[in-house]
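Notes follow once the structure below has been shown.
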Amino acid sequence: MSQTVVSRQSSVGSQVSERKTITVAVAGNPNSGKSTLINAIVGTRLHVGNWPGVTVEKKEAMLEYEGRKIKFVDLPGAYSLSPYTQEEIIARDYLVHEKPDVIIDIVDATNLERNLYLTVQMMELGIPIVIALNIYDEAEKKGYKIDTKAMEEALGVRVIPTVSTKKKGLDDLLKAIIEVADAIPSHLPNQLNYGQDIEDASSALQMQIKNAYPALAEKYPLRWLSFKLMEGDDHVYKEINIAGNGLPVRDVINHLKKAHGDDIESIMADARYAQATGLTHEVLKKPEFRKIDLTEKIDRVVLNRFLGIPIFLAAMWVVFKLVFDVSTPFIDWVDEMMAGPFPRWAEAILGVIHAPAWTVSLATDGVIAGVGFVLVFVPIIFAMMFAVTFLEGSGYMARAAFVMDRAMHAMGLHGKSFIPMLLGFGCNVPSIYATRTLENPKDKVLTALIVPLMSCGARLPVYVLFIGAFFAARAGTVIWSLYVLGIAMAVVMGVIFKRTLFKGEAPMFIMELPPYRMPSFRSLMIHTWEKGRHFLIKAGTYILAVSILIWFLLNLPWGVEHKKDSFLGQAGQVVAPVFEPLGFGNWEAASALITGVIAKEIVVGTMGEIYIPGALEEEEGETPTLGEDLKEIGTSFIGAFKGAVVNVFSSVGVVSLAAGEDEPGPMRTAMQKAFTPLSAFAFMVFTLLYMPCVIVMIALRHEFVTWRWSVIAFLYLMILAWVVTFVVYQGGRLLGFE
Amino acid sequence: MNLSMLKPGEKGRITKIGAIGPLKRRLMDMGVLVGEEIKVEKIAPLGDPIEVTIKNYNLSFRKKEAEGISVEVAK
């Protein structure tokens, strides 16, 4: 066979343009090393998008190999082609309707039988298949001997051993793909025999379809269609839009049931598994005695009855610390750049061209500040995606879900919901992205809706400001009560949503506990990079727009002197009465809350500007030169790196409460005039609960394709915030607090 | 006798799968089939879900699902 490759290669050159692109669908079980293999083949050329109408990622890439163009389409990981998870439906619809030239079926060599169950199903489709027998090194290490020649013969497909983490076997795989794609006649897989009864039934159905519905016979792989009709697959029935009346489906089913005494789905699953099992016995030789493997040893400790939960909590602490401590120095670095050098340069440039003063303000307070808001999130999103991808790739995520499922299930959530919620205490934005580790779309949405109730780091400055002015003696208790309130509301809303929006959803927790594996660094980096880049492009645009909008609101109408007369101040005055029953019905508080939509910590800045205008302006020192600025940016970036490393190894608390710097005295006095302790507490409660910041809303839109969930989150949080704050303030008054 | 009654370390042979609808199909897709040997490995620290070995890999599901899987204890 290799000879044909060689002869083709030599004749290829001039024909490249005429040769058609080979479309390759990459399919396989979850945890079979699929994404690592794709990354190993195409690297960063992957184009990430969404499958139409759903939140599942669609990855595609073009590759030129030996003069041939190959288009890879990465199908979502699936255990089967049943229509029960979104991933499976996507994978199967693509294979049936788009008819790729070749399927690469990634089979985990250490878990042959269950992986071959998917292979057997794909063989029904009549599309050439090349099996990448992946994780081959681990199988060898376990002492498995797999007869790939026998496998090729039994299945009628090429079988190429690969080790995606070490980039082994990839050339052979690509060569096999080209060979199979060019084969004339088509290199189709064998037709496996599912037993006399099933085969007879299928043949009868196929004949009938061909006669009665020739159009269907053109469109669908007939053998596959006959099985789906027998299995009573709703999805297929709906799609082909025939009641099946004209087909003898019922007779066929009754006959099979009579012979086997079971439902057809079981009969089919049995028949397919029988093939997978039979083949496995035929080609796989395992050592007589099984050694206790590493996964078992680790799980004895990690899933231990007594140690399981403490270990889980410790692991989460480490993740939390890594994510936020590593990113903090970089965030500070971005902050510094946005506060110092960049506005200075903009000012200098605009000064040179004699631009009017308002453009300077727009450029610095609107545009650069807006860009700053976006950039500040980049380090945290990178750190967080890295951590989550690692947890998932290593196999620990499944264990975390296993350990926590009982507690989360009580709230109507899934074991895997815990991690996004925990990370929410640092920042809600990456938490929304972290919900993608949940397989079921409903679990994903429910978790994402609840995440904003986790009191994030951006709310802390608001608490610190108010606590400094009103509750200095009981700071710890007050902060603690706010965090607990957020969690309590999450539990309440979880139960409410489960009974309303997601009523009647079948609970689904059937999860593989894959062997522990070290994820490849390259794969981790590619995932992290994809997410970070996506965030920058998509979220960046919106946030910039909102930031500029807020600038205009603060500075229009032209030449406005007092903030009260700006559009924002006017809006604050209009909205203020709504907050009257909550204890802070003044335009200052209302305006601050409006600006808090960008990020909740902005509430502090706006209050500063309103209560003590001009006081927060930076004192003008000697303006550094461009050179000094650049040097400073460079050295402080290195400083940020050092800081990140130091933070990782320092044993300081989880999040440093560094925000506790003293607010200027006049600010405190002004606030004490405007608020009472009770209304100050009410204001903090409202800040905790009211609408998530714009970035969270955009993340929701980004992750769930429609604006629907952003709108729902916005509405429910607004209502919840108002109601809870009302209860707190009015209840507090009844109890005699002031 | 159903699967939820087995203790960690105990093995059984599946005689019937009672769960109806998508869950049953899902379990079958994962290799939980009549006649198959299944071993309970662990119970989660909070009592639910359970971890089993089937077809040479590890799977976990909730006790409610385990109750729907009839087994006979394997010797």
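Cβ atoms are placed via backbone N, Cα and C, with glycine included.
TrEMBL: automatically predicted annotations, no manual curation.
For A:GLU57 (GTP binding site), other Cβ atoms within 10 Å of its Cβ number 15. A:GLU57 (GTP binding site) falls within a strand segment according to DSSP. Summarising the annotation, TrEMBL assigns GTP binding site to A:28-35, A:53-57, A:74-77, A:134-137, A:163-165.
Other C-beta atoms found within 10 angstroms of the C-beta of A:ALA40 (Mg(2+) binding site) number 23, with every protein chain shown included. Per TrEMBL, Mg(2+) binding site is recorded for A:ASN39, A:ALA40, A:GLY43.
The annotation domain 'FeoB-type G' is assigned in TrEMBL to A:21-183.
The feature transmembrane segment is assigned by TrEMBL to A:306-324 (among others).
Per TrEMBL, the feature transmembrane segment maps to A:370-391 (among others). Here the transmembrane segment (A:370-391) has Cβ contacts under 8 Å with residues 319, 322-324, 326-327, 330-331, 334-335, 337-339, 342, 397, 400, 419, 423, 426-427, 429-430, 433-434, 437, 519, 523-525, 527-529, 531-532, 535-536, 539-540, 543-548, 598-599, 695 of the same chain, all six or more residues outside its ends.
Look at TrEMBL and you will find A:411-433 (among others) tagged as transmembrane segment. The list of residues near the transmembrane segment (A:411-433) in space but at least 6 beyond its ends in sequence, with Cβ under 8 angstroms from a Cβ of it, reads 316, 319-320, 323-324, 377, 380-381, 384-385, 388, 391, 397, 400-405, 440, 443, 446-448, 450-458, 483, 490-491, 494-495, 497-498, 502, 509, 531, 535, 655, 692-693, 695-696, 699-700, 703.
Remote same-chain residues near the transmembrane segment (A:445-472) are listed as 324, 412-414, 417, 420-422, 424-428, 431-432, 435, 438, 478-479, 482-483, 486-487, 489-490, 493-494, 497-498, 501-502, 599-601, 603-604, 607, 655, 657, 659-660, 662-663, 667-668, 671-672, 675, 677, 680-681, 683-684, 687-689, 692-693, 696, 700, 703-704, 709, 712-713, 716-717 (criterion: CB distance under 8 Å, separation of at least six residues from the stretch ends). What TrEMBL records for A:445-472 (among others) is transmembrane segment.
Annotation comment: TrEMBL describes A:478-497 (among others) as transmembrane segment.
If you look up TrEMBL, you'll see A:535-554 (among others) marked as transmembrane segment.
TrEMBL lists A:637-659 (among others) with the feature transmembrane segment.
The feature transmembrane segment is assigned by TrEMBL to A:680-700 (among others). Listed as Cβ neighbours of the transmembrane segment (A:680-700) (distance under 8 Å, sequence separation of 6 or more from its ends, same chain) are residues 373, 377, 428-429, 432-433, 448, 451-453, 455, 458-459, 462-463, 466-467, 469-471, 478, 482, 485-486, 489, 535, 538-539, 542-543, 546, 579, 582-584, 589, 593, 596-600, 603, 671, 709-710, 713-714, 717-718, 720-722, 724-725, 728-729, 732.
Among the features that TrEMBL reports, transmembrane segment is placed at A:706-729 (among others).
Same-chain residues lying 6+ beyond the ends of the transmembrane segment (A:535-554) with a Cβ under 8 Å from its Cβ atoms: 361-362, 365-367, 369-371, 373-374, 377-378, 381, 433, 563, 566-568, 571, 594-595, 597-598, 694-695, 698-699, 702.
Per Cα geometry, A:ALA40 is the residue among the binding-site residues A:ASN39, A:ALA40, A:GLY43 nearest to A:VAL163 (GTP binding site). Between the CA atoms of A:GLY28 (GTP binding site) and A:ASN39 (Mg(2+) binding site) there is a gap of 15 Å, rounded to the nearest whole number. One residue stands out among the binding-site residues A:GLY28, A:GLY43, A:PRO76 for having the most other Cβ atoms within 10 Å of its Cβ: A:GLY28. According to DSSP, A:GLY28 (GTP binding site) is assigned to a strand segment. Among the binding-site residues A:ASN39, A:ALA40, A:GLY43, the residue whose Cα lies closest in space to that of A:PRO76 (GTP binding site) is A:ASN39. Taken residue by residue with DSSP, A:LYS34 (GTP binding site) is part of a helix. Cα separation, A:ILE135 (GTP binding site) to A:ALA40 (Mg(2+) binding site), rounded: 13 Å.
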